[in-house]
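Everything below concerns the one structure shown next.
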């Protein structure tokens, strides 16, 4: 058992607040002599630019960071309590992404709405996303893992839609991008004045919910037995959380991580009762964002106005979260294996044959059919130019699906995938370091760096998530933290304005545009090698999800099997990431799609997953090439666009016993 | 006492966690070829001992399994000799009963070996022996608690080991299924000469079905012997620390104990 943390939420918040205060004072001292501080805040001299900047930029920015952080901390705590889910937060439930998408759509098609109130638009978007998530997981009785899976899918989908809108309307939405990253820079006190009374109201509402939420910490049935209307209270808490998130997204943009980290940290620090958790989460959220924002201003210097704080919160939040995960007491169900069982297919071979046919047909379509200046055309002449990207996409799909399926079985966690667990992020990170640190770097060296990065991320994940049987929630949290940290670093690099960063952006969205014949060849060889290795690993993959006790009792060599599977997963992820970038989510979707088709044994499931991964990526590549000619939609983005609705439909479908 | 060679010889076994001694020092010989119950109150170290014997967690001290030091056994060689059922079995595997039982053959064919006729025969035999034939094509997750436990035991049977270690195999079952499972295990032990060591919570059940009882208290051995010797007020009070009585049912001569 981990040692108990004798910190107390008070000293945690106090310590971080002191650090933030110290930074603020130091920054302020650089901008204005301390003798003028009182003057600047109370009655600034309009002729002194320094005083005006403190009065109308520095001070309101500080206030806004406190208010937004507090709102998000409270929203996260409300969601975690109402859903009894340690992973719930505005970001993981898709509320932030929904709000952001609603704003983007309003900006394009109904600018009038924004005049009425951005926050209302954002709230509506967030509410729709949240209701969609709950609807999708309703049949599974809102089981925590299903809720988070649904949240991730909805979040991804909203993100992909917003990215597509941005791609086609870049001139309109450029502003949305910077602000979508959660920029806290202020010109006056409007936003702070706008947020203060609303946050106070929300706190009042939360205070009214303390008692019902306390009952809700019991099982639903018990709470009902004590006379509580469970759905009503859930809905009330949810509405409050969505409102808070909508306020923040509507005023400063998406700020990730605070809503997840603050309530989790507070719980670890020892806040137990509902009222304490709500209050301390609010305070800690405020202090965390304050600290982050001050660090951004301090470290980024002149770039500070361009560097969106929201994207950087993870830089401070993730290490904190990583540190606390081993100490986090999660009230858990016993290991759930691969999630709720789906029905079994009677004829698995038939399904595999159908999938293969579909894949072959799609590859043919992709090579022969195109859309050009003269409209649609069917010809084999262009295959020479088209095959590298089509086959690169195919190979990446196969590799990611195999890696995802292997990870899901290895960790006994239905939500595992290279993207979710931060393995892709690790690979991408290794690659970025290599590109930035070494000058001319060959493809082989890139591959080595990516593999190393993926392996390190996997090892970190497994090491941190050890103990108490690697609870799925724990593993997921580690992955989310690693992924968020990577995103923040990439954002920081981008904001630095390095020309190489642009190249990265293209690659990160999963574009196959630049794939060369060599790339495709290497990726294809890797994909076929993985497929050939599947039968060799199938027996392990059947037994491993049954847990350590069973696989040990059956004489599975625990260290060797883990090591082999680990290295295999890292290598597959690295090759795929190199080709298609870290953000496709095919590795999450394909194994689930295979499972929902009724393929449960390791071998058929993984083969089907590989086929589905290939289908998704080839279709995505073709669609991205033709749908918006002459523009190219990156295949990774399109794959998310195609795969997410399929996964949503499968999630919501009634399960036959 | 059966005259077979001992299953385990334990000499000075210990297990400590966070400064607390959970087990030992314990020296004990566990007889082979019979149904042995391991009893004791909560926290007496019985599950810990079982896990150490099953090599699920490391312990100090010298432990010999079938005359050979526990650490000297290879993973699969050990699994061919000894099958272990943890207290909580995983759900959501998506496996059919037949497929689950077939996993028991892993120690024999390994990761790459052929699943041959002998393996198929063993699986069929295990299904028949546990009465699972009618359920063989059902999904494990859709079975009732008793049926699921039978499926897991069938996997252990297919493993074809000469010894079984069972951690509370009946704790989640109703009384009819408890009797059914224990009868099945007893049958296995007697008809096939398999040595069974099972952690049991219910001392009456242990006395009724087992050939030998080992009682732990605070991580140490406090009593062992045939059921007739253990099921006496004296030993029972020593084991559980409260006044106990024993009576005999008038019609069929079964003895059972109760807290006074």
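If you go along the chain as it appears here, the first residue is 1 and each next one adds 1.
Cβ from N, Cα, C; glycine included.
Because TrEMBL annotations are produced automatically, they should be read as predictions rather than curated entries.
Noted in TrEMBL for the protein shown:
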type	residues	note
TRANSMEM	A:120-138	transmembrane segment
TRANSMEM	A:238-262	transmembrane segment
TRANSMEM	A:274-291	transmembrane segment
TRANSMEM	A:311-328	transmembrane segment
TRANSMEM	A:349-370	transmembrane segment
TRANSMEM	A:420-438	transmembrane segment
TRANSMEM	A:444-463	transmembrane segment
TRANSMEM	A:475-493	transmembrane segment
TRANSMEM	A:540-558	transmembrane segment
TRANSMEM	A:564-590	transmembrane segment
TRANSMEM	A:602-623	transmembrane segment
TRANSMEM	A:629-652	transmembrane segment
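The stretches the transmembrane segment (A:602-623) and the transmembrane segment (A:120-138) do not meet in space: the count of Cβ pairs below 8 angstroms, excluding pairs fewer than 6 apart in sequence, stays at fewer than three. The transmembrane segment (A:564-590) shares more Cβ pairs under 8 Å with A:444-463 than with any other stretch in the list A:120-138, A:349-370, A:444-463, A:475-493, A:629-652. Tertiary proximity for the transmembrane segment (A:475-493) is limited to same-chain residues at least six positions away from its ends with a CB under 8 Å from its CB atoms, namely 86-87, 92, 148, 181, 256-257, 260, 264, 300, 307-308, 311-315, 317-319, 321-322, 325, 328, 411, 413, 415-416, 419-426, 428-429, 432, 436, 457, 460-461, 464-465, 501, 504, 508, 582. Between the transmembrane segment (A:444-463) and the transmembrane segment (A:420-438) there are 3 or more Cβ pairs closer than 8 Å, counting only residues 6 or more apart in sequence, so the two stretches are in contact.
Tertiary neighbourhood of the transmembrane segment (A:420-438): same-chain residues 152, 403, 407, 411, 445-446, 449-458, 460-461, 475-476, 478-483, 485-487, 489-490, 493, 498, 500, 504, 508, 569-570, 573-574, 576-578, 581-583, 585, 587-588, selected by CB-CB distance under 8 Å and a gap of 6+ residues from either end.
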